[in-house]
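Since the structure comes first, as structure tokens, the remarks are kept for the end.
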Amino acid sequence: MLTKLRTNPGVYDVVLINSARSQQAAGEDLLTPLDLANYSNASGLAPALRDNAYLKTDGKLYGVSWVWGMNALAIRDGMDKPESYAALAAPEYKNNVALFDDAVTMIGVGAFLSGQDMNDPKDLDAVAEKLKAMKPNVKLLWSSEDQWNKAFSAGEFDLSVYWSGAAVRSQRKFQLPLHFVVPKEGAIGWLDSLSIPATSQNQEAAAKFINYMIDPKFYVEWATKIGAPASANEKAMEELPADDLNRDIHKPEYIETMTLMAPLPDDRRTAFNNLWQEVKAFYAA
Amino acid sequence: MSGVDVTAVAKNYGATKVLTDITQNFESGTFTSLLGPSGSGKTTLLRIIAGFVAPDEGAVRIAGADVTGVPVHARNIGMVFQSYALFPHMSVAANVGFGLGRRGIRGKAAKAQVDEALEMVRLPGFGGRYPRQLSGGQQQRVALARAIVIRPDVLLLDEPLSALDRRLRQEMQVELLRIQRESGLTTIFVTHDQEEALTLSDKVAILDRGRIVQMGRPAEVYERPRTRFAAEFLGDANFLTGKVRGSAVEIAGATIMTEDRLPAEGATVTLAVRPEKIAIRPAETARSGAVENSLPATVSSVIYTGTALTYMLRSGDLHLKVFAQNSDGSPLAAGSAVVLSWSARHSVMVEG
Amino acid sequence: MPPEASAAGLPATRRRMPSWLATAALLLPSYAWLTLAVLLPLAAMFAFSFLHATPLGNKPVVWTLEQYRAFYDQPYLLGVAWASLSIGLWTTGICAVVGFAAALALVRATAGRARETLLILVLLPFWTNGLVRVFSWTMVIREGGFLDVFVRWFWPSAPSLGFLYTTPAIVLGLVHGYLPYMVLTCYIALLSVDEAVIEAAQSLGARWWTVLFKILVPLAAPGLVTGAILIFVPVIGAFMEPRILGGRVGVTMGTVIEDQFTQAFNWPLGSALAFTMLAVVLAVFATFSGVLRRSATT
């Protein structure tokens, strides 16, 4: 995305950027600063998302938060909802756990469990220890939603690290008996925002388009007829039917407790990947 | 008793009768050729004796033991194949020693026997080579050594010389005969080459459409063929068909004498006369009465091959072939009137 | 040479084109293709392996040997490499036994149309999507899967035989996928074995196992070796089967390398690991082929 912005100035009027990349783009002067006063629908945006630090550079806002989601836990219906990620290592789930095969997410879980900042854990050994403690429980590492659905419906595990959006789809499309649970440590969150490239030739139209994208009416149509991630617009979420799964899972209070994935410097990303690789090798051995 | 006995053996492939009621004794220590055209069943008979093919009926005995239900590996046979069938990944010594190893003979004892066998096939010191380093003739000698080193009860040869060129083949025939004589092995040799069969064999068996039509010493089978097929397949023959008149046979107006016992007056019989048994003389110099049979004829054509001449002749409706030595260097021209003559004992009565 | 002379001499020179030139001309297209399709991408990957980070964006390109220290810096990779090698050896070994037997059955027990049909059936795994093939195994060998259902048909109280998410499950998936290579190479090798050679062995007193181990296996050895190479190399780099069938234990060099390319976005490390494995495999084959050649000549 950033490469496209760099190499094609003037071609794009609106770009979708993960919040973890927003500052990088703004730092390279690729984006236009925005004033939310120009966006009538911005009033409904969840404050925690709207004013998220990752969207700001030098005090200026460069992105309108649009959709968000979480990585937390999914548990089979009828079982006690775990209060903490510590359940992943609890003996009652022996050989009954699926982990997400993703370094950032799993290091995040390990950081939560060792009481560290998920985006910058100083003590990686403590993270590794927490993750390695899950070994007797870990049955499989999933890497695609499809794989997760098949294994869950075959009853191969009851507890898993899972995506909120995927939890909605698994219940809606396949009627899988699961609950999405955000433990006390909070979820690992992501946020996508809409920005206007500095080189855009149609700044006004771009702003109008962004305003439309965060319009609750548009969102309800999108979410109910096609299926959508959770909207950053609280009003939009409130207009969903009361029993809507999407609304049920993406509760507004989770926005407060979740930790957004931060931009990772290369060496930290590499360290995360190597650590996760090592933990996986420990699981396999 | 030793040797090979085949009793009432029959083999069909589907509706095709390959062998019908074969009963034959192959005497111990003799060299017998199975001679016949392709499809006559000679190879099938050999493979039944070897054990690769199970007969539908009948029994096979080797060296006195009934081996009809015995698998190949337990039969103690030596076999040589047309394609040599050496083990390409083994040295000559390992090839020759293979059968010894199967009999529990290893080490020094095996080496001595292998050397002896290689000596016998005149390939001493070739043990370390690989089959691909040998000529066709040498490979076949190795195959022979491999087959005889185990002192088999019977040596089975499946057209072993037909892949060799003519000169090498003649050389190998001599070798084969020598080795067979030295080893004294009961040998059964399949071939479609009549000369080879006559040269090598103590006995020749002629096969025709799944039956042995005649078996005997080469000279016996050649001189006194019992059937038209045997006469034709082994060598060349003129066939004269006519009716019995008294103690002779009347053929195309001529009276042909034979020493064979003739059937009743008026019966139709066929006499076979070998082309080389017939003397040919120009009509004007012919003296009648010197031999029993004489027949006037006309030369249709002459085939000149240097040492010998082949005359194609006509006598009335009869077509005849005569081989003559090129003794005076002036063959008779086509169209010459001649008189053919032969002795009564060379008119051999044949079936069919 | 003046132009008119060369024009006049053209037919003659064409006929007398030196043999090395003709050979070179004939080989050129295949080598050009090889260069384009294999060597260039490989060279690019080789170059990547000496970078500090994946060259994207406006980050400066830093050359380094650090990626090749991976096995030293991350010693757990040795365990992973050993697991991959053992999966490779098991898979290749089972493929060799089963593939050789299947090829032998094809060559010796069938003929004509039946043989063609069976050969096509053997090749079927090649034509099925790998992912489908692997996922279908998860349904068979998981607890309560088709295997258990089948067994409990005859023995209702049977314990589960499901072995999904184990190393044998990975090996099973890999054997299924790569067996056709071995069947084909052994089939071709066995086809060229003269029937008379087998009969000669039998006539000399060899029983079936002697024929098998002293005649057929040595003669089909080139097929076995080719098949083994064709299987072993991709198997130690395989990642789909370990991921899907291995569950927790499905961590191999293949998955580690794939992770570097897809998840960690660390192409340099992925390339370095891949080339390290390649070097090890080539060293093994070099030793092995040397041994083979020596044993063939003694």
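Cβ coordinates come from backbone N, Cα and C, glycine included.
No curator has checked TrEMBL annotations; they are predicted automatically.
The transmembrane segment annotation in TrEMBL covers C:20-51 (among others).
Marked as transmembrane segment by TrEMBL: C:81-106 (among others).
Per TrEMBL, domain 'ABC transmembrane type-1' is recorded for C:81-288.
What TrEMBL lists as transmembrane segment is C:118-141 (among others).
When Cβ-Cβ distances below 8 Å are used as the criterion, the transmembrane segment (C:161-190) is approached by residues 83, 86-87, 90-91, 94-96, 98-100, 102-104, 106-108, 119, 122-123, 125-126, 130, 133-134, 137-138, 141-145, 147-148, 151, 216, 219-224, 226-228, 230-231, 234-235, 238, 241-242, 244-250, 252 of the same chain, each at least six residues removed from its ends. Annotation comment: TrEMBL describes C:161-190 (among others) as transmembrane segment.
The feature transmembrane segment is assigned by TrEMBL to C:211-240 (among others).
Same-chain residues lying 6 or more positions outside the transmembrane segment (C:272-292) and placing a CB less than 8 Å from one of its CB atoms are 45-46, 49-50, 67-68, 70-71, 77, 81, 84, 221, 225, 229, 232-233, 236-237, 253, 256-257, 260. Feature annotation from TrEMBL assigns transmembrane segment to C:272-292 (among others).
Long-range contacts of the transmembrane segment (C:20-51) within the same chain, counting only residues at least 6 positions beyond its ends with a Cβ under 8 Å from a Cβ of the stretch, are 61-65, 67-68, 267-268, 271-272, 274-275.
Note on the transmembrane segment (C:118-141): residues 102, 106, 110, 147, 161-164, 169, 172-173, 176-177, 179-180, 183-184, 187, 240-241, 244-245 of its chain, located 6 or more positions outside it, place their CB under 8 angstroms from a CB of the stretch.
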